[in-house]
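Reviewing the structure listed below.
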Amino acid sequence: MTTADVSTFQAPKGTYDLLPPDSAVYLAVREAIAAPARRAGYGYVETPGFESVELFSRGVGESTDIVTKEMYTLTTKGGDQLALRPEGTASVLRAALEANLHKAGNLPVKLWYSGSYYRYERPQAGRYRHFSQVGAEAIGTEDPMLDAELVILADEAYRSLGLRGHRVLLNSLGDRECRPAYRSALQDFLRGLDLDEDTRRRIEINPLRVLDDKRESVQRQLDAAPLISDHLCETCKAYHEQVRELLTAAGVAYEEDPRLVRGLDYYTRTTFEFVHDGLGSQSAIGGGGRYDGLSEMIGGPSLPSVGWAVGVDRTVLALRAEGVDLALPAATDVYAVPLGEDARRALFTAVTELRRAGVAADFAYGGKGMKNAMKSANRSGARFALVAGDRDLAEGVVQLKDLESGEQAPVALDAVVAAVKERMA
Ligand code: AMP
């Protein structure tokens, strides 16, 4: 390859690079989404970016789009079938089971995570092939308060960012008791419709997913479809009622959506989705629910669990759609502007000391002239500039300039850290 080719490389289709200054927004959004979960006792978990294909085909479901069409799979040189992770829950549960966290006697096991996920989807605004999620899972306990806790935590995360236009859609998918009867009632209904071959097959494998079909030609025929809400058993009904009461008591408004099924097979009972109307067709900014059967599906014991994943990319888009500007602290507090070689050395030392004292400091590298260096200082967002030339150094001082007010005062070279800290406080 010639070097000329290198400049023609682009990020792969459906992906984008995060670069300053926007990247700072992403970091802040991830942090804000995770903070409520951390405060609620969720511990950080990190799992590999790839897993055995089978974990997802068994966990997420053989008939889902994620598994049949969207997984990035590969065969290693050693012959292992791996997939880049398309979602977080199956991996996190696998990790918890493998480490026997559920046997440590403290259920639920509460975990949060943050990372990259991969789906070979048709790219469009808000839908990427590489995207970022923050998630939270509460493993091993059946308690409507946990379902409510998770919805409240995600809502709190969006609110703390200043988002106001998000809505919570809520449904119950029933359990092993009541879902089978609903499933056959739905199948009977769907078999009578005018549907294509693929969709007919889906009726037999996973009829609930047909409700999620976005095509107008399908949706038009679903008006009279039986609803799970009319088929819930007494236990599921009571459970759902408790979740609703807890959300209402916490002041989290929700909308019942009896058609909400979500794209993964493992959900039981509570399912929810956070949507935002400013995003066009990719309106889901987060989602989750209860997955009481997943542990057994991937070879573990019965561990009723509930969790969510929030899409970081789409949360950033939602903030933009609402015109919310996050108040991010400036990356640099002090910017050093040296004039001459002696000043370069003196200010380089001062900058190192400032950084060691916890002050964010940067330096006009490359021997820039005064005008250029001051431009860089302003662009850095720094509150103060440290300016020094030969005459200052002869007097043992540097000039500390407040870039907001324009005021400037000499400060003894050996008192720079103290002077900056005093003024910042
Ligand atoms: P899901 O597991 O599909 O419910 O995804 C959880 C959240 O991740 C969604 O609500 C989206 O915000 C986000 N998400 C899922 N797929 C994508 C994608 N292809 N591009 C961007 N964000 C996504």
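In case you wondered, yes, glycine gets a Cβ from its N, Cα and C as well.
Remember, TrEMBL labels are computer predictions, not curated facts.
The feature domain 'Aminoacyl-transfer RNA synthetases class-II family profile' is assigned by TrEMBL to 23-329.
For Glu87, Gly88, Thr89, Arg119, Gln133, Glu137, Arg262, Tyr266, Tyr267, the entry in TrEMBL reads L-histidine binding site. For Gln133 (L-histidine binding site), the same-chain residues 6+ apart in sequence whose C-beta sits under 8 angstroms from its C-beta are Glu87, Gly88, Tyr113, Ser114, Gly115, Tyr117, Ala309, Val310, Gly311, Val312.
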Average pLDDT across the domain 'Aminoacyl-transfer RNA synthetases class-II family profile' (23-329), rounded to a whole number: 94
Neighbouring C-beta atoms (10 Å sphere around the C-beta of Tyr267 (L-histidine binding site)): 27
Residues among the binding-site residues Glu87, Thr89, Gln133, Tyr267 that border ligand 1 - Cβ under 6 angstroms, in sequence order: Glu87, Gln133
L-histidine binding residues Glu87, Gly88, Thr89, Arg119, Gln133, Glu137, Arg262, Tyr266, Tyr267: largest Cα-Cα distance, in Å and rounded to whole number: 21
Cβ-Cβ neighbours of Arg262 (L-histidine binding site) (radius 10 Å): 21
